[in-house]
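Colleague: Got a structure for you, questions after.
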Amino acid sequence: MRKKCIVIVGPTGVGKTRLSIFLAKRLSSEIISADSMQIYKYMDIGTAKVEPKYQRVIKHHLIDIVEPYENFNVEQFKNLCIEKIEEISSKNKIPIIVGGTGLYINSITHKLEFNAVKSDDKLREELENISLQYGNEKLHEILEDIDPKSADKIHMNNVRRVIRAIEVCKLTGHKFSEINDKFDHYNDDYDFYIIGLNDDRQVLYERINKRVDEMIDEGFMAECKYIYEMTDENSQSIQAIGYREAFMYLNNKISFKDMISLMKKNSRKYAKRQLTWFRQDKRIHWMNLKDFREFEDIEQICLKNVKEWLYDKR
């Protein structure tokens, strides 16, 4: 019998963490984070990391496992996540994977071998030099010439991802977007119940804007300064939305006002990209907050549906 696993996805600021904690309490589950930035230590405010009081009540995995100056990739996540799924399942508990990093989620819910294309250090160094000498826009133009579909999906400031896409194209002769299309193959090694949360776009965007203001009030800039001391501008960790803009401000490249504006703008764009990504998976059971009076209604419906799925009552 296939092991069962609950997955909760959706854009930033929609309530994924809240729903995961609600379900975990009532199902005696453990939670696996699928957030590419919550893996980093000390990056708490900017990643909306689960508060310690909740982590003490419910076991959370794959949070605070990497130093900010270290690199971490999706293949490493996949391997660790599978380990945790097996570990939690061995205790007769249901794992709950929650996060908004589409590639991390798909590495588990879909079939794709990430080690099929190895890195080329020489090529990577050449591409990094192009970025340093001519800027991210020039590097992004190279990707646009060879793989327009990937260029459309990957922001030019996500240098690490742009380089990887170019690298795959040049090493394999195939477009990076074509390889990603293999995500159409679902992973049937596990029995997944995937919940997708969404909301009215304007309401979601207003919540995101408010969240940025709250981050600043909670001491986000002090957090950034602390991380800044142990990283450099090429560190993978500070490519995250919020941190990237903060470091531009700390390096006197933009004003504080422009930093706030960019953080909000880029967070909204990211939420839009997240929805576009997740909508490709037809297995997702979508719950739109605008269709319910209270979030508690969504919690109760999800709990009911999950229990029916767990015990095969439908």
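Yeah, the Cβs are placed from backbone N, Cα and C, and that goes for glycine too.
What Swiss-Prot records for this protein is below:
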BINDING   Gly10, Pro11, Thr12, Gly13, Val14, Gly15, Lys16, Thr17  ATP binding site
BINDING   Thr12, Gly13, Val14, Gly15, Lys16, Thr17  substrate binding site
REGION    35-38  region 'Interaction with substrate tRNA'
SITE      Thr101  site 'Interaction with substrate tRNA'
SITE      Arg124  site 'Interaction with substrate tRNA'
Colleague: Kindly report the helix/strand/coil residue split of the region 'Interaction with substrate tRNA' (35-38) according to DSSP, in that order.
Modeller: 0 helix, 0 strand, 4 coil
Colleague: Residues near the ATP site, Gly10, Pro11, Thr12, Gly13, Val14, Gly15, Lys16, Thr17 excluded, by Cβ within 8 Å of the Cβ center?
Modeller: Gly100, Leu197
Colleague: Give me the sequence-ordered set of same-chain residues, not including Thr12, Gly13, Val14, Gly15, Lys16, Thr17, with a C-beta within 8 angstroms of the centroid of the substrate site's C-beta atoms.
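Modeller: Near the substrate site, the remaining chain residues are Gly10, Pro11, Arg18, Ala48, Gly100, Leu197.
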Colleague: Between Lys16 (ATP binding site) and Arg124 (site 'Interaction with substrate tRNA'), what C-alpha distance do you get in Å?
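Modeller: If we compare the Cα positions of Lys16 (ATP binding site) and Arg124 (site 'Interaction with substrate tRNA'), the gap is 36 Å.
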Colleague: Which ones in the same chain are close to Thr12 (ATP binding site), with CB under 8 Å and 6+ residues apart in sequence?
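Modeller: Correct list: Ala48, Gly100, Ile208, Arg211, Ser267, Tyr270, Ala271, Gln274.
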Colleague: Tell me whether Lys16 (ATP binding site) sits in a helix, a strand or coil according to DSSP.
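Modeller: For Lys16 (ATP binding site) - judged by DSSP and reduced to three states - the answer is helix.
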Colleague: Taking only same-chain residues 6+ apart in sequence, whose CB is under 8 Å from that of Gly15 (ATP binding site), what do you get?
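Modeller: Once residues fewer than 6 apart are set aside, Gly15 (ATP binding site) is near Leu197, Leu289, Phe295, Ile298.
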Colleague: Let me know the most crowded of the binding-site residues, choosing from Pro11, Gly13 and counting other Cβ atoms within 10 Å.
Modeller: Pro11
Colleague: Cα of Thr101 (site 'Interaction with substrate tRNA') to Cα of Gly13 (ATP binding site): how many Å, rounded?
Modeller: 13
Colleague: What average pLDDT is reported by the model for the region 'Interaction with substrate tRNA' (35-38)?
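Modeller: A mean pLDDT of 96 is what the model gives the region 'Interaction with substrate tRNA' (35-38).
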